[in-house]
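Reviewing the structure listed below.
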Amino acid sequence: MTADAVSCTGLDYAFHDTKAVDGLDLTVAEGEVFGLLGPNGAGKTTAIRCITTLLPVPAGMIRVFGRDTAEDAMAVRRLLGYVPQQLSADANLTGRENVTLFARVFDVSRRERAERVAQALAAVDLTDAADRLAGTYSGGMVRRLELAQALVSAPRLLILDEPTIGLDPIARTGVWEHINAVREATGMTVLVTTHYMDEADQYCDRVGLMHRGRVRALGTPEELCRGLAEKRGTDTLPTLEDVFRDVAGSGLEDEGGDFRDVRSTRRTANRVG
Amino acid sequence: MSEAPAAPRTVSADIGLLLKPPQPRAGWRLLPARVVAMCAVELQKLSHDRTELYTRAVQPALWLLIFGQTFTRIKAIPTGGIPYIDYLAPGIIAQSAMFIAIFYGIQIIWERDAGILNKLLVTPTPRSALTTGKAFAAGVKSLIQAVVVVIIAALLGVSLTWNPLKLLGVGVIVILGSAFFSCLSMTIAGIVLSRDRLMGIGQAITMPLFFGSNALYPLSVMPGWLQAVSKVNPLSYEVDALRGLLLGTPAHLALDFGVLAVAAALGITAASSLLGRLAR
């Protein structure tokens, strides 16, 4: 039996008195594209940070391919490719240098480093721009560069935190097409957070709708939409956004996200232009 | 007229290597590999934009040109028989290296805000190795600055040694000193967590560290309390070693090296323990 890519059991995380993640139970199967959806402040990014070992959690709460993140963090990190919400490529380095840094810190041997970096850049169609400074890239190109940085270590689990935030529709489609193409070619598992319901509907095999630190609904986009249609007794199939409104409510009093969340989101959106 | 839907994108390039995880380095080989990776990034950045190198050369040049030449004429500071500008040059090398390192924490905060730090923390790199890599990267940056100041000093007629072994010693001392001051800066960054606060604290401690050392004048002319400050100030040990190596003045090289190595190790430990706070 193969282990699930991610398994969270009763995951809790609090910042001082504020519970960001509150008893999260979540399983991501190997090879699937799983979307963790929710508004700012739902706890998506905190959950991702716990899974990526950035935030300390007690043993027994998170396993990645069977390895406990608390007990074997280094082994878990070797299985991960991580693209954070911010535009995290270094603008003062070329595309190739950005990817080479991650090849080095993942111990790619000198013998195969240049070729592996070239393959990662080619996989996201950045070969021609590889020797330009990343500061000259468009927002969509930077996202693809970050994808190349994550791919260079051959991760089994790719984690993307709001990968298309601030991008125009064409660039968003471009980024998703590259994510899908790379997944097709490598068979890796993808865990992605987004608050764009249309993207989740189109690109995710399964989604978890998160609100106030918990997953409130879980399934394929179609299952969730059909479930709501049955609940309402209508023939018209609702959208994923309708499902989300149903589980989370839509009042202004439910708006989430602290100052830091919003600032980070806006900063990323500004940088991608 | 509607267009036919585009075929799904596929990866046409050969990506055979991307299907195979790299062989992990383990044990003692991990730390030097991470240090080399971080230093390579600093050198690559400098190769793309040398503006900082040139602008940072202005202040040490002015110290040597104005302060150094004027006080050489005044002969107010006892220097053990060497011209004051010669006495001053190692102090200015240490100062310019420290000025680069002491603001390194700002770069860490910028990397935190840009997501770069988080991404590095999700790699198989222990926090101590990441901090050590960053500390030595600051050292490399400072070393290049030190080379510029040595050249300026030589052009101004300072009699420096050109003995390769002694110059190698200079490099080691500058890197160790910068590693300590960059870790001090990263430690403060881990405590205050904001760029503005770090800027304020950096500016507040830089001048006391400089004036409370033997960079401008010998310990013997200081009041007792300042001598005590100077004795716990790693910059004094850096300057003492640089003077001994570059000018051949009496120095306590073993003590200087030992103090700087211990200070750098303590700095790396402190900064590593606070790195997690920056990631939250």
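Glycine is treated like the rest: Cβ placed from N, Cα and C.
Straight from TrEMBL, the features:
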- B:51-278: domain 'ABC transmembrane type-2' (DOMAIN)
- B:92-110: transmembrane segment (TRANSMEM)
- B:143-162: transmembrane segment (TRANSMEM)
- B:168-193: transmembrane segment (TRANSMEM)
- B:205-226: transmembrane segment (TRANSMEM)
- B:253-275: transmembrane segment (TRANSMEM)
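When each of B:92-110, B:143-162, B:253-275 is scored by its Cβ pairs under 8 Å to the transmembrane segment (B:205-226), the top-ranked stretch turns out to be B:92-110. A Cβ distance under 8 Å defines the sequence-distant neighbours of the transmembrane segment (B:92-110), meaning residues of its chain 6+ beyond its ends; these are 56, 59-60, 63-64, 68, 117, 134, 138-139, 141-143, 145-146, 149-150, 153, 170, 174, 177-182, 184-189, 193-195, 198-199, 202, 205-206, 209-210, 213, 215, 235, 238-239, 242, 246, 278. Through the fold, the transmembrane segment (B:143-162) approaches residues 46, 53, 56-57, 60-61, 64-65, 68-69, 83, 85-86, 89, 92-93, 96-97, 100, 170-171, 174-175, 178, 245-248 of its own chain, all at least 6 residues removed from its boundaries and within a Cβ separation under 8 Å.
Cβ atoms under 8 Å from those of the transmembrane segment (B:253-275) belong to residues 117, 121, 127-128, 130-132, 134-135, 169, 172-173, 176-177, 179-184, 186-187, 189-191, 234, 237-238, 240-241, 244-245 of the same chain, restricted to positions at least 6 beyond its ends.
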